[in-house]
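Working notes, structure below.
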Amino acid sequence: MLELNGKDRSPSPEFSPFALTNEGLTALPVYKAAGDTALDFGGLLDDPVKLHEDLASGCGGQLWPAGMVLAKHMLRYHRDKLQHARILELGAGGGIVSLAVAKGVRPNSPLYMTDQPEMESLMKHNITLNALDGKVLPKILNWGEPLSADIVDFKPDTILAADCVYFEPAFPLLMQTLKDLLALCPSTTVYFCFMKRRRADMQFIKVAKKALQVTEVVDEDRAVFSRQGLFLYTFSSRK
Ligand SMILES: C[S@@+](CC[C@H](N)C(=O)[O-])C[C@H]1O[C@@H](n2cnc3c(N)ncnc32)[C@H](O)[C@@H]1O
């Protein structure tokens, strides 16, 4: 198992929305005060997601641009497939992607919203805020650590990950978790959206391409979000 020391395992390693600016290729979100937002993704949701944002627990406490793009993509293109899917989100932060999918699709199976322990209370808060208790299950999943028995039994076939590429020492941990999840179910698809902030971020995709089937995804908003440095891929096991 790959390991980081205690300092590096922080949910906001050397990171705040104020950091990473010297080498940044794309503007970072503005630091927001804690508060609630309602999001309907341009009318794709009849009942908007309510999101409490609070950076007190780490960078995941704020909504990130890749989360918006991924949630919108899933609602626009994958509603039917998601209905019957076994879904797990990695690095969920406040949980925007899981909450949007749970509200817009109402999947048959409960959906796992996962992140580090520091984000657990915000995940729970937002699940309750949207009356999704029991339908969205908050869960601690530290990248690089062995998967828990309930996730192994669940065998997710749809993995969602938004803005999980931002801290280079965590890249091998995230890659290990993706491989572990893909090994559980040969037909699993990972929907992976991130913002390129540093040149090193594309290294993650280079490494992924060596081990996995990596495909850049068609989306009618791609011209717009790619200008903002956002990339949307699927990963799957090599046939
Ligand atoms: C930039 S935030 C993105 C949050 C959300 N997905 C979004 O798009 O708004 C990255 C998330 O990854 C989580 N994360 C970072 N390192 C992690 C690790 N080693 N294991 C699990 N989660 C991690 C952070 O806690 C944070 O919530």
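Cβ atoms are placed via backbone N, Cα and C, with glycine included.
Feature annotations, reproduced from TrEMBL:
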BINDING   W64, G91, A92, G93, D115, W143, A162  S-adenosyl-L-methionine binding site
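When other Cβ atoms within 10 Å of the Cβ of G91 (S-adenosyl-L-methionine binding site) are tallied across all protein chains shown, the result is 27. Over all protein chains present, the Cβ of W64 (S-adenosyl-L-methionine binding site) has 25 other Cβ atoms lying within 10 Å. Maximum C-alpha to C-alpha distance over the listed S-adenosyl-L-methionine-binding residues W64, G91, A92, G93, D115, W143, A162 is 19 Å. Taking Cβ-Cβ distances under 8 Å and a sequence gap of 6 or more within the same chain, the neighbours of A92 (S-adenosyl-L-methionine binding site) are G60, S98, M113, T114, D115, M119, M123.
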